[in-house]
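A.B. asks: One structure coming up, written as structure tokens, with questions to follow.
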Amino acid sequence: MGATEPAVEERENRGEGEKTEKQRRQVKVVEEGEEESKNKDELNHHRFLSSLNRLNPTNPLRIIFNNNGGGSRFTTPPPNLAQPLRSSSRVPPPMQTPPTRAQPPEEPHPPPSPSPSPLSPPLQPQSRSLFTPTPQETLASLNSTKYTNKFFLLLFIVHKVAAIGFVCFLVFRGVQGLIGSNGSVKRKEQKILRFLLPQVEAASLLSIILAFSWQMAFRLWPDFMIHFILWSTFWMSLSSGILLLCFQMPATDAVGVCLIAFSIGNGLYACWVTRRIKFCSKILVKSLEPVSKFSDLNLPTYYMLAAGFFWMSLWIFGVIGALNFYFPPLVIIGLVLSLAWTTEVMRNVVNLTVSRVIALFYLRGMQSSTRFSFQRALSRNLGSACLGSLFVPTIEALRIVARGLNLLKGEDECMFCCANCCLKLMTYIFEHGNGWAFVQIAAYGKGFVRASQDTWKLFEDGDMVEIIDADITSSICFLTGICSGCICVIVAATWTHTVYKPFTATISLLAFFIGYLMTRISMALPHACVSCYYTCYAENPDSRFFDKTIKDRQALIRNGRVVALPTPRARRALA
């Protein structure tokens with residue numbers, strides 16, 4: 001017995017050694033499989049991320065990484081997205097301890113292949129579950145396929161078809177009167193073609209040259225141009241008014257008095273907004289910085305100016321034909337209103353195009369296609385452009401009236417009541433329709449009213465209402481159009497008074513109208529850039545694209561160091 005006990009112990013020790021060696025081999029095999037699986041997953045993940053860099057900017061997966069990474073290209077996975085891919089599904093289960101009782105020795109198993117092992121599940125199902133739901137929601141918010149404000153889109157299309165047909169009919173009547181008749185109608189139309197048409201066409205060409213010049217000047221010297229426009233409009237309107245008064249005709253005297261009155265109001269306004277010019281210049285300079293990143297951003301403006309010149313040329317022939325039709329004054333007034341709505345829609349198409357490109361740059365860090373944005377503005381968002389073209393000019397006019405009543409109400413009870421009623425109306429209008437809505441219409445495909453409400457709520461939540469009300473960008477764009485109109489009046493009126501005096505007042509009004517409208521189309525680009533800057537800042541003030549200009553202004557207003565002069569609105573208690 002004593003001899004057998006050491007042999008038994010030796011066999012047990014040998015068995016335990018074999019078991020320990022087997023366990024070590026199994027652990028080593030598992031670790032090698034785990035390391036190989038991790039290397040394979042890492043390689044697949046890097047290949048996946050490198051393939052994302054080659055995706056189209058509008059691809060849903062690319063949009064997700066733009067949201068998390070600020071729109072920059074990368075080759076390494078972000079921590080917040082790379083970590084879940086190596087979470088619980090890839091952690092090997094803990095090894096179970098072998099039983100302590102003796103077991104017969106077994107042959108070592110061959111090392112398992114990494115592909116069928118449960119320790120390395122396939123990557124594709126996991127990536128689908130993580131990335132599929134979110135891109136669909138983001139893509140729908142940025143690339144909405146709905147047509148906004150369909151009723152006004154249909155109304156504008158019907159109006160445009162009717163206007164084209166009626167203008168072509170009037171052109172036919174004009175040609176018929178010029179060729180077919182032999183009496184006074186023919187002599188009248190010959191006189192119009194000889195003494196009216198050249199000046200109006202020259203005013204159209206001059207307005208296009210001025211439109212290009214103003215836009216280029218604002219992009220190159222924005223700080224200087226704000227001061228220049230404020231005072232050059234004053235001098236140009238005053239000069240054109242004095243020139244028309246010098247012709248000493250009743251019609252030109254009336255137009256001249258109106259221009260002189262406007263120049264006086266313009267001068268007072270330039271003195272009133274002196275304290276706002278510095279901040280407005282800073283915002284204009286900052287908002288125009290992204291324009292240099294998009295070389296084709298001016299193309300929609302060129303297209304709309306070319307279309308506007310073509311339509312105005314045809315429209316002028318329609319006005320000439322209206323003189324050979326029933327009720328010429330009413331027909332001409334209808335043609336003027338139609339032209340005003342059409343050119344305003346053209347301006348807002350440019351506004352929507354620029355707003356989408358710049359807004360996606362601020363909000364997503366994306367360099368959106370200008371051509372694609374222009375197509376959306378002409379199709380899905382055209383209804384909102386038509387609706388805004390009808391109401392935004394009215395809103396701006398009511399804004400001026402509200403400010404005037406606020407200054408004049410005083411202690412008179414009747415005037416005070418009228419002012420409060422007007423302020424209540426202004427509050428409702430600003431909440432349901434404002435010119436800042438075009439940014440969210442372009443970016444998210446919202447309707448005009450909803451976009452106006454959401455945008456104004458962003459301004460209220462971000463404590464930006466005083467800053468928005470004190471902005472003078474829209475006034476600068478308006479005064480730029482007035483300045484171009486006055487320059488066209490000076491040229492056309494001087495020419496007409498030299499060749500045929502009775503047409504001086506008529507051609508002066510037409511030249512002013514054409515110069516103003518064409519310039520307003522070109523000024524849509526800087527106006528849209530400023531609107532995008534304010535609206536996108538209100539939506540994401542912590543974005544790396546914005547500095548502390550607005551925050552510093554808000555701090556100065558709260559501390560009372562800057563006196564804000566907002567647009568008057570009724571208090572909530574009065575509503």
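Each Cβ is built from the backbone N, Cα and C atoms, and glycine gets one as well.
Look at TrEMBL and you will find 8-45 tagged as compositional bias 'Basic and acidic residues'. What TrEMBL records for 110-124 is compositional bias 'Pro residues'. The region 'Disordered' annotation in TrEMBL covers 1-45, 63-131. The annotation transmembrane segment is assigned in TrEMBL to 151-172, 192-212, 224-247, 254-275, 325-343, 472-493, 499-518.
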A.B. asks: Looking at 325-343, 472-493, 499-518, which one has the highest count of Cβ pairs under 8 angstroms to the transmembrane segment (224-247)?
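C.D. replies: Going through each listed stretch, the top one turns out to be 472-493.
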A.B. asks: Under an 8 Å Cβ to Cβ limit, what residues of the same chain, 6 or more beyond the ends of the transmembrane segment (325-343), are close to it?
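C.D. replies: Apart from its flanks, the transmembrane segment (325-343) reaches 156, 159-160, 163, 167, 170, 173, 308, 311-312, 315, 318-319, 389-390, 513, 517-518, 520-521.
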A.B. asks: Using Cβ atoms and a strict cutoff of less than 8 Å, what residues sit near the transmembrane segment (254-275) while being 6 or more residues removed from its termini?
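C.D. replies: Answer is 230-231, 233-235, 237-238, 240-245, 472, 475, 479, 482, 486, 489, 505, 508-509, 562-563.
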